[in-house]
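What TrEMBL says about this one:
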type	residues	note
REGION	1-33	region 'Disordered'
COMPBIAS	23-33	compositional bias 'Polar residues'
TRANSMEM	84-106	transmembrane segment
TRANSMEM	166-185	transmembrane segment
TRANSMEM	264-285	transmembrane segment
TRANSMEM	305-329	transmembrane segment
TRANSMEM	341-364	transmembrane segment
DOMAIN	390-500	domain 'TMC'
TRANSMEM	447-469	transmembrane segment
TRANSMEM	505-528	transmembrane segment
TRANSMEM	570-592	transmembrane segment
Amino acid sequence: MESHPSRELPWPMQARRAHRKSQATGQLASGSESRAAYWTRQLSRTKGKMKEGFQTIQPWAWTLKKIGGQFGAGTESYFSLLRFLLFLNLVASVIEICMKLIPTWLEGAPPGPPGPNISSPCGSYIPHTHGLVAFPTQLFNLLSGEGYLEWSPLFYGFYPPRSNLAITYLCSVFAISIIYLLCILRRSVSGLKETLLAESDILTSYSHRVFSAWNFGLCGDVHVRLRQRIILYELQVDLEEAVVRRRAAEQTLSQRAKVWSMRALLNVLVLALLGAAFYGIYWATEYTLTLQETPLVRQTPLFKLLVDYLPSIFISLFNFVLPPVFKFIASLEGYTQSRQIVLILLRTVFLRLASLVFLLVSLWSQITCGGNMEAEGCKACGYNYKEIPCWETRLGQEMYKLVLFDLLMGLLVTLLVQFPRKILCGLCPGALGRLSGTLEFQVPDEVLGLIYAQTVVWVGSFFCPLLPLINTAKFLILFCLKKITLFSIYSPASRTFRASTANFFFPLVLLVGLAISAVPVLYSIFLIPPSKLCGPFRGKLSIWAQIPEAIESLPQTAQNFLYFLGTQAFTVPLLILSSILMMYTVALANCYGRLISELKRQIETEVQNKVFLAQRAVALSSRNGTS
């Protein structure tokens, strides 16, 4: 037995490690193992230990394990996504400070705001009120991003027109976007592997969870109990989905027709609700400018704040009311729990992201005079300079208000709805307590709230450079608040879903949000003329025009190289090479797929052989017993 590999020995883990170490020492002394093989093995072990150490020092690692053991892997995936987004925003904040904020002061203090006497063919721009301002007005300015905040490093208009600053300002946007894209792709690919493995036929039996899911390296009663709960939740999900599939397979043709008719009617209802929500958001955005010009609103700071937040209020109202309706509709459609989660996520993400798109379309209509650059208000400068003299700051203010209002709504719902409801449920054990119900952590709603907030930040970070820093603080507050409420208010979910679905689908929705946010930013960079009275790109035909001007100031060799990258002589061979690599990857994947199918057939054959041999052994033993 001493000559067997360590993993095949029926020994405790500590004895296996000692045996493996003694084997390695003996092989090295006898010269049976080469130096290269030895160091290769040591390097792989070092990498494994470094990976384990990195996972150990990750923030809130123990908290996530505890959440997964008590509330299931779905709830754990929400907090894991929140930690991931917190890390992305922290990285983006550091880049924003290094590439935008610091270069602003390297060439001297930035100039002050335009004076009231400064004018141009594009009108005048007075960013904030001069003189003494009452405290309520200061508070309202803090919430709306106007007044003293309008001409501050928080918004685009503050940054002076300097060539070096303009280049770093623009390059930081693309650098942050590439980092976002790579990190999300890496997370989604790792989640895709888990999803494909979970949904394949390999892990459909329950034997792998009973016999292979246990971690024999666990130490301590707490870790053991957490692992037991995680396996329990996984088995619960499998059993629930198996029951739904069996019921669906037993349905007759008439029953299936009835189910599909019900699903069609429910989808029509969903589309009607979404249409009403989008029309309300568009109306609120269009009507805001009209209300802002009324004397009552201009003279009353509170009314002005409410009117400024009117689009945000409508968006938050629909995002608060419609997701529970979507959840109730999904429960009537007869899908499995994992499929219901996906449907709820799809409908809710469409509501949240499409509402943001409608808000941006409405703002675009105000900035560009409805897309008609020949209109009287846009003909002189290419944008509506009379109503919006610094349109980039206006966009940044709208995104700033959405982020701030989302945080305030979360705090108010937690303090004024969830905590009183939990207290009422505990103090009233009778009918009133049952009416208040038991609170369960709704993973789809919470995840979509994170993705919506992150998409708002992606849209607004170009126009409000410090928005990632604000969102970092917001997510930190949200993580602490959700953790406290999870353990003090919520109960474990009565119905759970697969963690593999969350680990793949959540980053996929994040990618959709990133793609949607890239459209308005790129449109603003390439097509809309920058404001003539604010920002680092004032006086340019477009924001992108700064890059060709910067290239022309480089040496001739660098210019030729950069221009070569944009010619067909570079792009065509690159496209051909990429196509060849893609075809090779697809062919390799097909070969691996055929190999996996062959191995599966071999496993099935081995299982049948073992079953046949077991039956023969039972038959022979029973025959010998009777004889």
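Note: Cβ is positioned from N, Cα and C throughout, glycine not excepted.
Contact counts against the transmembrane segment (84-106), taken as Cβ pairs under 8 Å, peak for 166-185 among the stretches 166-185, 264-285, 447-469, 505-528. For the transmembrane segment (505-528), the residues of the chain that approach it from at least six positions outside its boundaries are 77, 81, 170, 173, 177, 180-181, 184-185, 187-188, 191, 195, 342, 345, 349, 353, 356-357, 360, 364, 367-368, 382-383, 391-392, 395, 447-448, 451-452, 454-455, 458-459, 462-463, 542-544, judged by C-beta separation under 8 angstroms. For the transmembrane segment (166-185), same-chain residues at least 6 beyond its ends with a Cβ under 8 Å from one of its own Cβ atoms are 84, 88, 91-92, 95-96, 99-100, 103, 159, 458, 461-462, 465, 468, 507, 510-511, 514, 518, 521, 525, 536-537, 543-544, 546-547, 550. Remark: secondary structure over the domain 'TMC' (390-500) totals 85 helix, 2 strand, 24 coil, with classes taken from DSSP. Averaged across the domain 'TMC' (390-500), pLDDT in this predicted model comes to 79.
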